Amino acid sequence: MLLNCGQPLPLLRHTDVPPRVIENFILTGYRFPNYSLKDCLLSAFRPTNETGNFWTHFLPVFIFLYYFVEVFGWEGAPPGDAPFFYPLWNYFIGVFCLLMASSLAHLLNSMSLVVREVCFFVDYGTISAYTVGSSLAYYYYIHPRAGIVETGGHNGSHMDLKPEPSGALTSFYAIPEFSVFFETFYIPSACVVAIICVLSCCNTRQRWRKHRYVIRTLVFLLPFLVSSTPVFYRLLTRSPYSTTSTSFAASTSTSSFFYRHCLWLLVSAVFNISKFPERLAPGCFDIWGHSHQWFHCCTFLSILDELHMIKAEVRAILLSPTLLLPPATLSRLPGPTVLSTYGVMLFLQTTIISIIVWFSWRANCIYGPQRDQLAKEHPKKHLKCH
């Protein structure tokens, strides 16, 4: 919607918008929550207090894609649609949906108060889906048994599974207590935790408002700890690769990438909770440089280091397709299938969508009447041409 005089809708101060729209220590650059879809899209090219939030997660989509596709050009890599890459594609889906949902949530949230709530419900849902996408990649590429292949196979597959004594399975692990968790509970735990996170974060938009930023930040610490278990295990035990092999050389960077991944997550959490630097100078960082933009930058840098870590492990496996670890009769993990990768992600996404629909219905009950009232009052108050 444009003003009669042909000018874009004016940007407002925090005193001129509904309290629900106000962000701590951000005083100007607000869009009133009655924009059309066209106005929202055009606002990406205007200096609002959401412009930087949009671009800091939209542009990274292309950076991530650039580094992601490199894997498929490696020598010895199977075709991109091979089962070996199913976990990697699910990881891509998780990251892509996270970045796109985040950027679009910040761009489109000024259509109405209800749309604003729905946008961020979807944002939380995609963050949880991303954690499960990461878990699938960790499970098949960094899992303690991800470097073991079957001996004496007849079909040349490196993803075969054959029966083995239960004692042999447990004895393989340097930390035997982890065997049952890795083999049975790792992926289900990642999914359950992801669902808990969606429920918790969506609830912070309707209750627990005072401590919402702390809750949202801490609640995603749990999926990080669960999903990263294979990496923790790898760091605490010996490498599955011979120290003289090219696979060992390829995987040596895993630890450094993971530490950087953790560092960026920690810095992003600090920005999200502290609201620094706008807390120190309210009004000075309204358009550019406020904490949420730095939060976006740091979360993407953490994702980028995570991608490099996963790629290092994929390369190590590809460089050692006949790797054997004692006892030689052990087979590696059962290979990724459509059901164990895409099926898991589809089940999770369906559950998350159901949660989002429920919270969206509740948001409409709460904010629907306010939306209608604002639609009547706002044109009289702000759309006059002078």
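Counting starts with 1 at the first residue shown.
Using the three backbone atoms N, Cα and C, a Cβ is placed for every residue, glycine included.
Copied from TrEMBL, the annotated features are:
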BINDING   HIS106, HIS292, HIS296  Zn(2+) binding site
TRANSMEM  52-69  transmembrane segment
TRANSMEM  89-108  transmembrane segment
TRANSMEM  120-141  transmembrane segment
TRANSMEM  185-202  transmembrane segment
TRANSMEM  214-236  transmembrane segment
TRANSMEM  339-361  transmembrane segment
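Positions of the features from TrEMBL, shown on the structure.
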residue	record	Cβ within 10 Å
HIS106	Zn(2+) binding site	29
HIS292	Zn(2+) binding site	20
HIS296	Zn(2+) binding site	25
Checklist entry - Given the Zn(2+) site residues HIS106, HIS292, HIS296, which other residues of that chain have a Cβ within 8 Å of the mean position of their Cβ atoms, reported in sequence order? => result GLU50, GLY52, ASN53, PHE54, THR56, HIS57, SER102, GLN293, PHE295
Next on the checklist: So, taking each listed stretch (52-69, 120-141, 185-202, 214-236) in turn and counting its Cβ pairs to the transmembrane segment (89-108) that are under 8 angstroms, which one gives the highest count?
Outcome noted: 120-141
Checklist entry - Which one, 52-69, 120-141, 214-236, has the most C-beta pairs under 8 Å toward the transmembrane segment (185-202)? => result 120-141
Checklist entry - Which of 52-69, 214-236, 339-361 shares the most C-beta pairs under 8 angstroms with the transmembrane segment (120-141)? => result 339-361
